[in-house]
Amino acid sequence: MGCKQLDAFGLYRLGSIKKGKVDKDTEGTNLGFSGCCGTNSSKRKISKDQHYNTGEDKKVIGREMESTLKALRDGESVLDLSPRSTVSGGVEDIYGEDRATEDQLVTPWIFSVASGYSLLRDPQYNKGLSFTEKERDAHYLRGLLPPTVSTQQLQEKKLMNSIRQYQVPLQKYVAMMDLQERNERLFYKLLIDNVEELLPVVYTPTVGEACQKYGSIFRRPQGLYISLKEKGKILEVLKNWPERSIQVIVVTDGERILGLGDLGCQGMGIPVGKLALYTALGGVRPSACLPITIDVGTNNEKLLNDEFYIGLRQRRATGQEYYDLMHEFMTAVKQNYGEKVLVQFEDFANHNAFELLAKYGTTHLVFNDDIQGTASVVLAGVVAALKLIGGTLPEHTFLFLGAGEAGTGIAELIALEMSKQTKAPIEESRKKIWLVDSKGLIVSSRKNSLQHFKKPWAHEHEPVNSLLEAVKVIKPTVLIGSSGVGRTFTKEVVEAMTSNNDKPLILALSNPTSQSECTAEEAYQWSEGRAIFASGSPFDPVEYKGKVYASGQANNAYIFPGFGLGLVISGAIRVHDDMLLAASESLAKQVSEENYKNGLIYPPFSNIRRISANIAANVAAKAYELGLATRLPRPQNLVKCAESCMYTPVYRNYR
């Protein structure tokens, strides 16, 4: 059986007024801190000693696989839940706002009953011309709107016609952001119903250009800006955010935005875009999502000299000053929102990304999309591609161009899956994976000069200086690009891959499109139509010798919305590597025979909500298995549970 919707209680009652604002009412989903999926809100604290008590727990620990991050933690696992990691705080859904059903009438509380101009200017409740005659009288809207009463479907049709008139992608982006700021539900309705068309607009590649020009197009704050000026009072800053029941935070410090480098405070476009997808693709309600930018300065001279730049005009803080600010932030987040709030790191530079993930992985519910999300979506594509290229995962040889957080994260997850299949130590699995960085092939003779996250990939081999030479001597069956440098998969490189393999698997993952290692057209033409190709940014279908080739997109949006939903519905308190493998496994299984016939190794985005529900169920199941879930009892049907918890953007009827 699936989840049962529970009746709301106290729905029309005034909430506790804080800073002149009353708790808002239901949003048509039950993703709250209590009552989700028909479970209770009982909290379960697990000490390290308790966790080792049962025989089953010992088996789980025994099955755990080593990872680079575990090495950085001196062997500490995310399953080692210690009392020092527990911080009190968090909120309860005492007004039942997360448990109302779609057909219930709601009152839009803001200061009192929202009415007139205040209602039309609140994006969470505004319906524009869709307010009925009765609602216009009840909420003092008579005369403030033209006489026509429209449907949401007609509004959607009108806006899509308008957006399609724009020729420049950035204009479409600005139009969508304007819509989000005035009518939240209509924004998500458009995005869900036209996901394949609008995903490249609100996410990569257009979001990259939006970040570069964020200072010029900035209109209204869409998240929290925490800078060095707020040091010592970050908890107070978090309390300034109007929503209390936060379940997902996406945070960036703007140092490595996509493949565009340091964009400082203007990196806010990334958390805003990611959280829009959390709602549209994963069903997490908008008010439970919080975008945050940590501003410690920028080393981008162009921005420092730009009169329209909106961030701190100073060089980037580093070292102890940086980590002290981040530690205050992470502590404040848990104090304010509780143990189960997910903090997703986005676009941090390599030297900070691994450090933060390793440091807080055992004390907080944290996830790095660049390291773990990318790894999970690429592993899913590789597993799915095996039906086209043949063989098992351990039988293939992998060569990466790029050894940063994305490249090493993907490599590690592939090695973990190999180790799981062969039951061999992960060190053996790593030997099938080779990485090339800016100095050439990573080999053991370079070990002393390598960053810590590259060292596991330093194998015994003569030095190799170029990617082309590495392809020729390593003879990989799979070539993966995560370098952030465009046009590095040259004609010679693709031809060398093709000469070694009947069907080479080529993944050009760098974003945005201008940074892609090669285009779909180049991959198909240079391989004479034999390559199985996928990229990070979307490419149009390619016609080669009378045959049309549709390439897949290895987009993190396949993974992180469903992954986060799975953590929320299970009440997970830590992220474990096995959860990433579970997400990959679920995504790979959803590639249909028809997709394979078209050369695709990813399912279409048109089914993304169903895909996310299945991923969420798989991730939640793994959380329960590992003893990391706190929402008890476990629902019998996790897929139905995930589906029933998803936010839906249809208009509500106001009383």
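Every residue gets a Cβ built from N, Cα and C, even glycine.
Under the heading active site, proton donor, TrEMBL lists Tyr203. When Cβ atoms from all protein chains are considered, those within 10 Å of Tyr203 (active site, proton donor) total 25, not counting its own.
The feature active site, proton acceptor is assigned by TrEMBL to Lys274.
On its own chain, Asn555 ((S)-malate binding site) has Leu199, Tyr203, Thr204, Val377, Gly536, Tyr602, Phe605 as residues at least 6 apart in sequence with a Cβ closer than 8 Å to its own Cβ. For Arg256, Asn511, Asn555, the entry in TrEMBL reads (S)-malate binding site.
Around Asp347 (divalent metal cation binding site), the C-beta neighbours below 8 angstroms that are at least 6 residues distant in the chain are Thr252, Asp253, Gly254, Glu255, Arg256, Ile257, Leu258, Gly267, Ile270, Asp370. Annotation comment: TrEMBL describes Glu346, Asp347, Asp370 as divalent metal cation binding site.
Taken from TrEMBL, the feature domain 'Malic enzyme N-terminal' covers 180-361.
Summarising the annotation, TrEMBL assigns domain 'Malic enzyme NAD-binding' to 371-624.
Cα to Cα, Asn511 ((S)-malate binding site) and Glu346 (divalent metal cation binding site) are separated by 14 Å. Same-chain residues with CB within 8 A of the center of the Glu346, Asp347, Asp370 CB atoms, the divalent metal cation site residues themselves not counted, are Thr252, Arg256, Ile257, Ile270, Phe345, Phe348, Ala353, Asn368, Asp369. Long-range C-beta contacts of Lys274 (active site, proton acceptor), restricted to its own chain and to partners at least six residues apart, with a cutoff below 8 Å, comprise Tyr203, Val250, Pro291, Gln344, Glu346, Asp369, Phe560. The number of other CB atoms found within 10 A of the CB of Asn511 ((S)-malate binding site), across every protein chain shown, is 24.
The binding-site residues examined here are Glu346, Asp370; by Cβ neighbour count within 10 Å, the least packed of them is Asp370.
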